[in-house]
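Working notes, beginning with the structure itself.
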C-alpha cells in the first residue's frame, strides 16, 4: 500500500464504489477497502490521501453511513495495520458527531463503528483515543451522541483495563457530570459507564463500597453514611490514582456537609490517606478539590477539636503534596504528557528526513510513549514491542530501534524504582515475601513494609496496643495483604479468641466435623491427642471453659493441615499445664506460627524471631524475646508491667453510709452453694468470704474449676441455690466479663460516647438490669404475698417508693393493697390511697421484698448526686482515664476499634458509676503489656476493692494480697484479713463533694450548706426575738426557719 499512482487509483475507485453503495452491497465494498488497506505494505508509506477523503465522506450526510461502515470493517480486521491505526483514531470526533445524527441508520452505524475502533486500537495508545471521546461528550448537547460515547468508554474498560485505570482522574469528573444530565437515558448510561469504569479500581478494601461511592455522586444525601462506612474499613491495598479518583468526590462533598462530625471524619480520612502516599504526583491531581475545602473548614468550624483535626489534615496534605506556604498548588508532573513525549521524539528525529505526511504517526508514537511512562514500563523489549511497528513506517528497523531506545532512556530517568528486598541469612523455603500497606479505618498502621516468612519457623509479633497486630492477623487470614500467598498456595489458619455463640449447642466432635477437616475417627484421635476426654468430646461447646474452647480452636486449625498458624493471644484462657503443652506442641509440630502474646515467658519459650512494629514498618529480630530486648532497648518496657508511660486511673468510689473503715465488709457470703439446672452436682459448694474497700483478691484455679461461676453469684448474675449473700445497700460493683466483647457486641454501629449515653441514659446501668438478682422469680412473687398488719388492717405491699434513715438502718415508704374477705372465695385486694402509705423498717421488708428494696436503694444512691452528666466532654474525660483518645470516643464507631481499644471501652463504661468493687475476669486477655502495666498501677491506687480472676501470676504477684484458690467446686481463701464490724485502720470521713452534682436528667443539684449548730446563748437570743415579734404582730405573726 502506498500513495503511488497505482495505489491512489485503486483507492479512488474503491472510494467511488463506496460512495454510491447501497445497503445491499455496502458491506461487501467496505470489506474490499479493509482488505486492501490492511494488505501488503509498501515500505515507508501511509494512506494519508485516502483517509482525508474518508473523513470528508463521514461528514457528508449522503455518504456517512457507507464511509463509517468502511471504517468499522477496517477496525474489525484481525491484522489491523500500524500504518492505518493512527488515521482511524483521527476519525473518532467526526464519528462521534454522527452518533447524534437525526438519521437513525447513521446513529446506529456510528455507535457500532466507535465500539469497533475501541476494540481494535492498541491499548497503550489510549492517550491518543480517550481525549477524543471525553472532549466530544463534554461539547455535545445531543443525548444520543452521549449514550454512544458512554458505550464506547465501557467497551474500552474491557479492551484496556490497566490503561483506563491510570486515566481515571480525568475520566471520573466527565462521567460524574454526565450522571447529572437531565435526560434519564443519559443518566442510566452514565451510571453504567461509571460502574464499568470502577472495575479498574483494583482495591479489595473498597470493592464492596463502590456502589455506595457511585450512589453518592448521583445522590449527595448518601455521603454521611458512606463516610461512616469507610471509616470502619481496613485498608491494606495500595492507594492508586484510580482509588483516589473514586474516593475524592466523596471526601470533597464530605468536607462541604453541614454536619461538623462528617466534615471532621472526612478530614481524618484525608489525613490518613495522604500518609500512604509517597509520590506527590499521585495526590497532585486531587489537591485542587481537597485543599480549598480543608482551608475553608479550618476557618469556619466552631468546634475547636474538629478544627484541630482539620488543621492536621491540612498540614499533612501540604507536606505530601509539596504545597508551599502560599498554598499555591504545584503543577502535576508533565513527564507523561503527550506534548512532553512528542517534544522528545521530535528532537530525536530532527536530523532524520521525516515527510510531513507522517506527522500523525509521530504523534501516535508520542501518545504510546506517554502511556508507557505512566504505567512505569521501563523494559527495553516492551518499548520495542509496542512502538517499533509504528516507527518503522518511516525509518529502517535498526535506526528506528536506536532512536526508540534513546527515547526510552530520556523518558524513564526519573521513574521511581520498585522495592528491593534484602535476602535473609536464614536459609529455608519461603512461604511469603511481600511488601504491603495496612490501615484500620482512618488510621494508618503500616506503610509499604516488608514481610518475609520461612517454613517451620516460629515468629512473635510485638507492638503497642492499637498498633494493628490483630488487624494484620485478620488481614492475612482474609487474603487482604498484597503479595501474600493465597490459601491454595499456602494454607493460613487464624485461631480465633472465641468460638461463635451460634455453635453453643453443637457437640465438640460435630463442631470440628462440620468444618470438613476429616473423618470423625481422625478428628476424635486428634482431640484425644490434645487432651480431650471421651466425655468432653460428646458434650456441647457451651459446657467447655474458655481454656478448652481455645484448645478446640487450635485443634481444628491443626486438622486443616495449616502451613501457617496465626495465634492471637493463645495463652489467654489456658492454665499453666495447658500453656506448657502448647509450648511443646508449637516447638515440635513443624508448622510455621505467627504469635501475638503479652506473655514474655511464652514468647521466650516459643519464638525464633520477633517481628516488631517500629513507626509504620515491621522490623524482624532473630532470637527469642530476651534476645529481642537486648537488641531493641526500647522494648525493655515489655519486661516490667509497671514500666510504662501509659496511665490508667479509676474514679474514686462514692461514700457508703455506715462504712467507717476500709476493712468493713460490704459484700459477705455465707455457706453459699450453686448448681446449674439439669446438672448432677453443684458447681460450687460451701463458699464463705467477704469483700471490703481494701480487698485485693486473686481468684485462681484450673480451667472449669468454677471461678467464673463464683464471681457470677457475687455480682448478682446468678442466684445461689442456697446460702446467704449480703451486699451493702449502696454498693456498686463493676463486672468485666471474661469475654469482654459481650458487653458491646450489639452496639457496634454506635460510637463509644453514644454507647455510654445509651447504657446510662436512665441513671441506671442498663447492662445490669437483666441480672438474676433483679428479676422477680416465682419464689419472690410468692414471698411478696406476705400480709402485714398495719393500723389493725391486713395489707399487702403494692410498691416501695422512698427511703429514710431509721436508727442504725433505714425504713421505707410503702403503698398497699387492702385485703377484704381474706380466706374466702370472695377475697379481694383493693388499692389504697397515698395518704394510707406507711413506713416499714428494712429488716421486716427484706425477708419478702428484698429485690424491691434493692431497686429503691439504687435509685436513692443516684438521687444523692452519684449520677454524672452524659455530656460529650464528661464522657471523653472519663474515657481518657482509661487510655481512649477523644478521637476514638466521639468519632469512631465501635466496629472499627481494635480488640485492646474495645476492652478499654468496656472498662470505661463499667466504671462510669464510680464503683466500690471492680471485678475483672481474665483482664490480661486483650490488653497489651503497656496497658496491663497501666491497669496494674491504676488498681493499686484504686480506693475501692479489687477482685481478679487470672492465670497470669506475673500480673497479680505485686497487686493482690488475698488469694481464693478454687478447685473441684470448693474455694480455699488465704492471706485474708476478714473482720466483724468496722475493724481497725484509719476512719473514712464523708467528703464534702466540691464538684457539681447532677440528677438523672443532667440538671444541677443545688447543694445546701450544712447549718452551723447554735450555742445556748444564741438559742436564747433567737427565742427572745421571736417572742418580741409575736407580741408586736399578734395573730399576724408567722415564724420562719431562720428564726430557729
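Cβ from N, Cα, C; glycine included.
Note that the coordinates shown come from a computational prediction; the quantities given were computed from them, not determined experimentally.
Sequence annotations record features per position, and here Swiss-Prot assigns ADP binding site to 42, 44, 83, 392, 396, 397, 703, 922, 925, 951 based on experimental evidence.
Annotation source Swiss-Prot lists ubiquitin cross-link at 350 (among others), citing a large-scale study or a structure entry. Annotation for residue 350 (ubiquitin cross-link): no same-chain Cβ neighbours under 8 Å separated by at least 6 residues are found.
Residues annotated as ubiquitin cross-link in Swiss-Prot, with a large-scale study or a structure entry given as evidence: 636 (among others).
Swiss-Prot lists 426-641 with the feature domain 'ABC transporter 1'.
If you look up Swiss-Prot, you'll see 667-993 marked as domain 'ABC transporter 2'.
The N-acetylserine feature in Swiss-Prot is assigned to 2.
According to Swiss-Prot, the feature N6,N6,N6-trimethyllysine maps to 187 (among others), an assignment based on experimental evidence. When Cβ atoms from all protein chains are considered, those within 10 Å of residue 187 (N6,N6,N6-trimethyllysine) total 15, not counting its own.
Residues or ranges marked as N6,N6,N6-trimethyllysine in Swiss-Prot (evidence: experimental evidence): 196 (among others). Classification of residue 196 (N6,N6,N6-trimethyllysine) by DSSP places it within a helix. All protein chains included, residue 196 (N6,N6,N6-trimethyllysine) registers 19 other Cβ atoms within 10 Å of its own Cβ.
Taken from Swiss-Prot, the feature phosphoserine covers 642 (among others), and the record attributes it to a large-scale study or a structure entry.
Under the heading N6,N6,N6-trimethyllysine, Swiss-Prot lists 789 (among others), citing experimental evidence as support. Taking the Cβ of residue 789 (N6,N6,N6-trimethyllysine) as centre and 10 Å as the limit, one finds 8 other Cβ atoms among all the protein chains shown. The secondary structure of residue 789 (N6,N6,N6-trimethyllysine), as reduced to three states from DSSP, is extended strand.
What Swiss-Prot records for 972 is phosphothreonine, and it gives a large-scale study or a structure entry as the kind of evidence. Within the same chain, the residues at least 6 positions away from residue 972 (phosphothreonine) whose Cβ sits under 8 Å from its Cβ are 964, 965, 966, listed in sequence order. DSSP gives residue 972 (phosphothreonine) a strand state.
Around residue 974 (phosphoserine), taking its Cβ as the centre, 9 other Cβ atoms fall within 10 Å, counting all chains. Annotated phosphoserine per Swiss-Prot: 974 (among others), in sequence order.
The phosphoserine feature in Swiss-Prot is assigned to 1039 (among others).
Annotated phosphoserine per Swiss-Prot: 1040 (among others), in sequence order, evidence recorded as a large-scale study or a structure entry.
If you look up Swiss-Prot, you'll see 974-1044 marked as region 'Disordered'.
Across the residues of the repeat 'HEAT 2' (86-123), the predicted structure has a mean pLDDT of 87. What Swiss-Prot records for 86-123 is repeat 'HEAT 2'.
Note: the Cα of residue 703 (ADP binding site) and the Cα of residue 187 (N6,N6,N6-trimethyllysine) are spaced 63 Å from each other. For residue 396 (ADP binding site), the count of additional Cβ atoms within 10 Å of its Cβ stands at 12 [all protein chains shown].
Cα of residue 974 (phosphoserine) to Cα of residue 187 (N6,N6,N6-trimethyllysine): a distance of 77 Å.
In this view, the densest Cβ surroundings among the binding-site residues 83, 703 belong to 83, judged by other Cβ atoms lying within 10 Å. For residue 396 (ADP binding site), the nearest neighbour among the listed modified residues (187, 196, 789), judged by C-alpha distance, is 196. Spacing of residue 83 (ADP binding site) relative to residue 196 (N6,N6,N6-trimethyllysine) is 31 Å (Cα to Cα, whole number).
Cα-Cα distance from residue 196 (N6,N6,N6-trimethyllysine) to residue 187 (N6,N6,N6-trimethyllysine): 14 Å (rounded to the nearest whole number). Each residue contributes its Cα atom, and for residue 187 (N6,N6,N6-trimethyllysine) and residue 789 (N6,N6,N6-trimethyllysine) those atoms are 81 Å apart.
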